[in-house]
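*Asks:* Pasting in a structure now, in structure tokens, and then I'll have a few things to ask.
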Amino acid sequence: MADVKKVVLAYSGGLDTSVILKWLQDTYDCEVVTFTADLGQGEEVEPARAKAQAMGVKEIYIDDLREEFVRDFVFPMFRANTVYEGEYLLGTSIARPLIAKRLIEIANETGADAISHGATGKGNDQVRFELGAYALKPGVKVIAPWREWDLLSREKLMDYAEKHGIPIERHGKKKSPYSMDANLLHISYEGGVLEDTWTEHEEDMWRWSVSPENAPDQATYIELTYRNGDIVAIDGVEKSPATVLADLNRIGGANGIGRLDIVENRYVGMKSRGCYETPGGTIMLRAHRAIESITLDREVAHLKDELMPKYASLIYTGYWWSPERLMLQQMIDASQVNVNGVVRLKLYKGNVTVVGRKSDDSLFDANIATFEEDGGAYNQADAAGFIKLNALRMRIAANKGRALL
């Protein structure tokens, strides 16, 4: 791709992407536009501007995407009760399509003919970024330095940075032994001692939550208000999507909620161990299932449950911008029209317990479900014919001598 003139780089300001910035300038002799996304990762993003300016970058984008991230990506995903492989709440996966979208938007605004990212050739993120980019701008060029260069260790990156005058920190505060990724939905930890699947993670690894053992001895109760499948208020106070998630992270983390240690199957074929903190997302998943339990028709709920693993897989593997994900999203969103009401939760030492749910759109009828006298609301004698009709095929098979035992 020697003909690249201008490239938009997804830039964090850290060692890897700072080396990539200089490497792009030298290898491709091109202009580099930097893009730094604030997704609620809790780190200062402004230092990225100063570092990019020091490296001669003229066009610098630093975007606060927190509200868009939760409103247009996290909330739609949680309407489906999305979980990958039974446990993972897709905190990293769901952030990538938004970053890809902004990379392409900035490329269009600046006239760039290429984009670049710092994802390695071993992981899922390279796939997620690039599938999104090609879906939104089919002719875009993609530069993935980790698949091209020979700087395959941290020491080599440090040496390159020193040689080319890139500001780095060799000393100072202790660097975490883990590879971490954070946004408003979660923080993830990989590498280090976690590469041994038998070794327990260290307690001081966790950053967002207390251990369940050290959580308060007094339970915390909260009420979440839903409108069309999304949380709009906490304890009766209306909040923006990003504020909802930030507040639930704080409340959940204080009660030891949302820790996870799993081995997942990456799209590229390998298994990978990761630890995740997703306190707000853990609360949201439990609460959303609870409000759906009284507002969704049975067959709609069961169909959603059947389709959810496919929907989760599409997000995990980078197909957010695919026609099949968009089709599923329309179905999921249509199911949420009546998902309105309030869920009351008890948070205690790592546990999220639903203790109440109510809705003007509830399909729960106490007059029918009661164990007491129902006043004729339900005729129990009707069940006999229902059972016989549903047993018909099995009775026919038995009469034909089909062995079941």
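Here the Cβ of each residue, glycine as well, is placed from N, Cα and C on the backbone.
The shown structure was predicted, so the numbers you read here are calculated from the model rather than taken from an experiment.
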*Asks:* Figure out which of TYR160, TYR276 sits with TYR88, SER93, ASN124, ARG128, SER179, SER188, GLU264 in the L-citrulline site per Swiss-Prot.
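*Replies:* The record-listed residue among the candidates is TYR276.
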*Asks:* Looking at Swiss-Prot, which one out of ALA37, ALA80, ALA95, ALA182 binds ATP in the same site as ALA10, TYR11, SER12, GLY13, GLY14, LEU15, ASP16, THR17, SER18, GLY118?
*Replies:* ALA37
*Asks:* Tell me, if you would, which residue among GLY14, GLY118 (binding-site residues) has the fewest other CB atoms within 10 Å in the structure shown?
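*Replies:* Checked GLY14, GLY118; of these binding-site residues, fewest Cβ neighbours within 10 Å: GLY14.
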*Asks:* How long is the line from the C-alpha of ASP125 (L-aspartate binding site) to the C-alpha of SER93 (L-citrulline binding site), rounded to the nearest angstrom?
*Replies:* 8
*Asks:* Give the residue from the binding-site residues SER18, ASN124, SER179, GLU264 that has the most other Cβ atoms within 10 Å of its Cβ, counting over every protein chain displayed.
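*Replies:* Max Cβ neighbours within 10 Å, all protein chains included: SER18.
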*Asks:* Could you measure between GLY14 (ATP binding site) and THR120 (L-aspartate binding site) for me? Cα positions, answer in whole angstrom.
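*Replies:* GLY14 (ATP binding site) and THR120 (L-aspartate binding site) have their Cα atoms 15 Å apart.
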*Asks:* Are there residues of the same chain, six or more positions away from SER188 (L-citrulline binding site), whose CB falls under 8 angstroms from its CB, and which are they?
*Replies:* GLY91, THR92, MET180, ASP181, ALA182, GLY274, CYS275, TYR276
